[in-house]
Structure formats: C-alpha cells, structure tokens
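First comes the structure, then the notes that go with it.
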Amino acid sequence: MSVGFIGAGQLAYALARGFTAAGILSAHKIIASSPEMNLPTVSALRKMGVNLTRSNKETVKHSDVLFLAVKPHIIPFILDEIGADVQAGHIVVSCAAGVTISSVEKKLMAFQPAPKVIRCMTNTPVVVQEGATVYATGTHALVEDGQLLEQLMSSVGFCTEVEEDLIDAVTGLSGSGPAYAFMALDALADGGVKMGLPRRLAIQLGAQALLGAAKMLLDSEQHPCQLKDNVCSPGGATIHALHFLESGGFRSLLINAVEASCIRTRELQSMADQEKISPAALKKTLLDRVKLESPTVSTLTPSSPGKLLTRSLALGGKKD
C-alpha cells in the first residue's frame, strides 16, 4: 500500500511522521506534493525519506490512498486538476474542514463514474500517535475501504466511524482541540512564571498535568466532573481557583470556542462550493497561504506533470 498527500503542510507531515513511527508504512511508500519546496514541513518530510514532487498528478499516480491535505477552499481546484488521474481503485480521503463527501464526489464523477471518497477529520497529535480521528464513507466507498483507513488512522491514535453530519462538530471539538490545549497550557505556564517558577519547569509541569488528567479520564469510567471534584478539598486552594474560573466564564468560553470553530467550518464549505479563489491566486501562493483579495470564479486547468523528487536513505544512514 502506498499513501499520497496533496499538500505537504503540517497535517501531511504529522500523518507521515505518525505512520512511519507506528511502523505501518515505510517512508518510501509515502509521496507528497507541494508547489513550494522550501517549506519547513517539506524539509522535514525530505529528511524522513518521503518522496516529494511539485506535481499533484504525480502524487495521484503513485498512491493507493490519497489524502487531500490542503485548505478547504482549494479543494475544488485540486479536484479539477487531478480528476482525470483518479482511478477506480483509488481511495480519496478529504481531510479539509467542512468539505462534504458529496462535493468531492460531484467533482470526481465528471471523470470517474464511481469514485471512492472518504471524509476524515483528524488532528495534529497523530505525530506522536495520540491523534483523534473520525471518518465517514461515501456513496461508492466499500466497507473494506473504511476499514483500511481505520487501520491506518488507528496506528496514530483513536479512530472511529461516524455519520457525516457529526464531522463539523468534531472539527470544532477535537480537530481544533489541540490549539485550545496549547493556549491553556501557555496560560498555565504564565501563571507559574508569575508565581516564581522558571519558564521551562512551568511548561513541563503544566503539560504533565494536562497529560495526566487526560489519561486518568480515558482510563476510568468516571465523569470529568467527578474527577474534578476529587481534586477539591473543602475550603482548599483548588476550589478557590475553580470559583475564579467559573466567575470568568471559563466553561462558556470553551463551549463558544467549539461552536465558533464548527460555524467557521460550515462557512469554509460554502466558500469551497462557490469556488471563490482564482487559479491565478492558486499559482502565486503557497497551498496554505492563498490570497483572497480579488476572488473570481473560473476553472483550473490541469498543470503539467512535474519531476518526481525522491530521497533515499543510505544504508546505515540516520533516520529522522
């Protein structure tokens, strides 16, 4: 089995690193395409021994499972470009927030009568094999196709199948969730520094507290509130701290953050449906930095195939 990534940004790097670390794929079985070869993530993939190319078509040609790992509003143009190269045996996995199975199928069916499409939402902790992934299968995807993706994603964390209408909410919760955790950790570390702790120690303590709390919850059958109550002694420091968080609307802020991410996910789908980004903008900018200043509706013509750039590790060479 070979895996390809259209896009060589943070998600592609995280998944490639996770797959190789888990031992489910060798680096030479992975290919990623990017119009820009100087990105830090591209350099990291190159060091891992992943095959790299500027041609999306080349990536399709060398893949069995194809991950669309680009921004949502770029997806329609990518599908126009690679549609003729997608074969009946390909499993096309959309990782873009808000991009529906039907929208991908509609594009591909102009070239292929029964494209096998799976919609997936994962997160960056896959890089350390602690990701959270859900997926939904499309009209023509077989049960075995879903099982193959689940096997891949389970090697880098938790993975389960859901109904597609739940995926936007998953995006707001676990898709964006690591960013919430990092922001909370940054604030906790600031609090530690304010009270006299060295920065490095404050970060380590905060990270371990979050890691330990998450593991306690996952390993138990208790509700989070029960575990929270177990930390609070009557009249103690923790209950006073929680009162302060409650008075600042801590819970409401998190609930609103999940909702805001979910709503934005649906807005991104609307943008993708309307194809608001011009091919000119697509060519001028990096995949993760498309300019939206002067959007126009037009059709992207397939680009000419680029040269496949490969890197092979010498015998006895170091692995990243």
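Sequential numbering from 1, following the chain as shown.
A Cβ is built for glycine as well, from the same backbone N, Cα and C atoms used for every other residue.
Lifted from Swiss-Prot, the feature list:
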BINDING   6-11, S34, N56, 69-72, 95-97  NADP(+) binding site
BINDING   A8, Q10, L11, S34, E36, N56, V70, K71, A97, N230  NADPH binding site
BINDING   E164, A237, T238  L-proline binding site
COMPBIAS  296-305  compositional bias 'Low complexity'
MOD_RES   S2  N-acetylserine
MOD_RES   S304  phosphoserine
REGION    296-320  region 'Disordered'
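Put simply, A69 (NADP(+) binding site) is 16 Å from S2 (N-acetylserine) when counted between their Cα atoms. Taking a C-beta cut-off of under 8 Å and a sequence gap of six or more, Q10 (NADP(+) binding site) has these contacts in its own chain: T41, T124. The binding-site residues close to V70 (NADPH binding site), defined as a CA atom within 10 A of its CA, are I6, C95 out of I6, C95, E164, T238.
Closest to I6 (NADP(+) binding site) in space, going by CA atoms and restricting to the binding-site residues E36, E164, A237, T238, is E36. The Cβ of A237 has fewer other Cβ atoms within 10 Å than any other of the binding-site residues A8, L11, A69, A97, A237. Annotation note: A69 (NADP(+) binding site) sits in a coil segment as assigned by DSSP.
Secondary structure at S34 (NADP(+) binding site), as computed by DSSP, is coil.
It is 9 Å from the Cα atom of C95 (NADP(+) binding site) to that of L11 (NADPH binding site). Spatially close to T238 (L-proline binding site) yet at least six residues away along the chain are V231, C232, judged by Cβ distances under 8 angstroms.
Calculated from their C-alpha atoms, the gap between E164 (L-proline binding site) and E36 (NADPH binding site) amounts to 33 Å. Between the CA atoms of A8 (NADP(+) binding site) and E36 (NADPH binding site) there is a gap of 9 Å.
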